[in-house]
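*Asks:* Got a structure here, written out as structure tokens. Questions coming.
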Amino acid sequence: MEELIEIVGKFVSIRYRNDYNGFTVARFRLHELNEKDCIVTGCFAALQMDVLVSLKGSYIEHEKYGIQFAAQSMEKVLPKDEDSLVRYFSSALFPGIGRKTAEMIVAELGNDAIQRIKADPDVLIPLFKKKNDKRIQSIINGIDENDEVDDSIVFFNKLGLGVRNIMKLEVVYGADAAAIIKNNPYQMIEDIDGIGFKTADKIAYSLGFEQHHPYRLKALLLSVLLDACMSSGNSFLNYDEFMTAFSKRLRKEGLMLTAEEIDEYVEQLKMDRMIIIEENRIYHSTQYDAEKGIASFLSGFPYVNEIEAITDDLEERLKEVEADFAITYEEKQKAAIRDFFNESFSILTGGPGTGKTTIVRGIIALYRNYYPYNNIALCAPTGRAAKRLSECSDVQATTIHRLLKWDLESNTFLVNAEEPITADLLIIDEFSMVDQWLFYNLLLASKQVKKILVIGDEDQLPSVGPGCVLKDLIASQCFKVCRLEKIFRQSQGSDVVELAHEIRRGCCTVLDSGHDVAFFECRNYQVKDQILKIVNNAFEKGYADTDIQVLAPMYSGVSGIDGLNLALQKLCNPPALYKKEIRLGFRTFREGDKVLQLKNQPDDDVYNGDIGRIAEIVPAEEDFNHQNRIFVDFDGIIVEYTPENFNVLTHAYCVSIHKSQGSEYPIVIMPILNEHHIMLQRRLIYTGVTRAKKSLVLLGEREAFEKAILQQERKIRNTTLELRIREYFG
């Protein structure tokens, strides 16, 4: 193992810093006389200029940037000579202490002034004559704060926390971070986004927490409840169901608790309001608050002066809009537009080709006509859905997370009840994808909004997170709902649209239309080759890989997402001498690859489900800090990835049907096989089919397809939002 070198000096300027992972390139002035500055690279949670530090690492020679010092650790060095001590005490760390006072402190206390003050702060009293002199407290606080920052970073590093998580802890907990974690490491699960039970448990173990520690058992109980709700989409568990799941987890860990002991922990969490129990239902407090909050907000909406209902000249102005757009609205569509102008909160739902987009265009045009000075906010759950909404409405749309300015560090929204959305009209598209917690936060920020329109297809898959909000809002019968069912002229003749509506009814007669829907029967081992043939034919007809999307229900198996991505990458983006690539496990990322973002990164303006293209790969041997880097182009937004967050990227030649929701593609290819039986149900197939704009190619076993469209959801989600809305509306 190479021996580490220690260098001492000060950072004098930063050339580059990645705020996501703390990676920094900086100019460093060595403490030895007549030494030249050097370039230092490394990951640092916090960096101060002109402060003496000790770095441990090694010198490396970068073929492009020359000699650099790659730092692995950093510690502050207390000044020991007279000049350094004077500069230290007169620095910004000590408000109110100037150079003359600093010189006096050093003259009186000597070169070990810092150690003497730390050992006995009262040594400062004779220097300032008064015991309550503000400068005494400034010196004590400055030394303490400096120590706390250094100690906490060392402490967190020893626990195995990465720079990114250390930065989050400092944002949320401030100077108390180390003390809070030492007392209860499981607190991080509730407060820090991205830290779950597994990470907190590992840290707790290193701090000496016993397996039976009450903090651990309560955190485990909450983890079981939240994991069950996240995986099932339920907003609560029946109490017996929860007890079964928790007991199973205890047995897996080799723990034995009596029913009375479990009840005691449940009662403690109930008293702390971490869980809520109503009748036989047990909720995580976040889901309970979301349900109650949604119902309460909507029952009192709007909270500002409502826009008066329009009755006078709506029909006349609507004719002008029809002339501008060269369309004619039919009566059901006109009714939907009238309802919007007469209601503060309204719902527009319908399948593909039923005219939702046409109605929204008309609503926005009329609204601007009536209220030219009012602001409109358009949003959707995913970036691609927001882009589609922008294109069809001529109004800039954004993701919900971006509209609310989600802060990744603190897992909070900067746009909220105190800093609300500055819009009079709020339109939310692809609403079936919105979960309870997100909708609740969107409503909290909507106290200045006068009208809300939600648009969605109730037959599509529900949100990934807990809740079934669109269905519950409609079922409550407390809001004006326009349900569109008629297929309009521009969609008539489209077998894709026809098939989608047949699937809703549980039948299909257009599967072999020969027009824009095709079904190729084949066995599971033939699927991969058949898909490659179809994609290659599309390329020969001039289509690009961005026009074609393969969708699959599952990740594993010969016809699963992982295997198909490997095969499609070879066809769509084969290796070449001019393309750089890096291998990660069984995957190889290559310049030119089509990739999918798996996690929200609001700081970079990219979100879960966004598809981009690898623009550049910088191999470790060409990098500042000898680590691989990937640069991805998301429609003009360039995002940098380092090994710490490579796991948020995957190939996008084939994606899950869930991940495709909110997007549309000219050509969709979808395998359906009996081996997917666990996933095969009507909503899933319907959602996949409705992603196709022009052509749909299904392949696999016809029997599996027919079974799937007859299979309604096996389990209805457990929610009480509908009930709460009815209670609040009386």
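Backbone N, Cα and C define each Cβ position, glycine as well.
Automatic, uncurated: that is what TrEMBL annotation is.
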*Asks:* In TrEMBL, which of the ranges 52-79, 192-219, 304-331, 668-695 has the coiled coil annotation?
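*Replies:* Checked against TrEMBL: coiled coil maps to 304-331.
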*Asks:* Check the binding-site residues Thr354, Thr357 for other C-beta atoms within 10 angstroms of each C-beta and report the one with the most.
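*Replies:* Counting Cβ neighbours within 10 Å, the top one is Thr354.
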*Asks:* May I have the DSSP-based helix, strand and coil counts for the residues of the domain 'UvrD-like helicase C-terminal' (651-699)?
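*Replies:* Per DSSP, the residues of the domain 'UvrD-like helicase C-terminal' (651-699) fall into 15 helix, 20 strand, 14 coil.
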*Asks:* Take the domain 'ATP-dependent RecD2 DNA helicase SH3' (564-634) and count its residues per DSSP category (helix H/G/I, strand E/B, coil), listing them in that order.
*Replies:* 15 helix, 28 strand, 28 coil
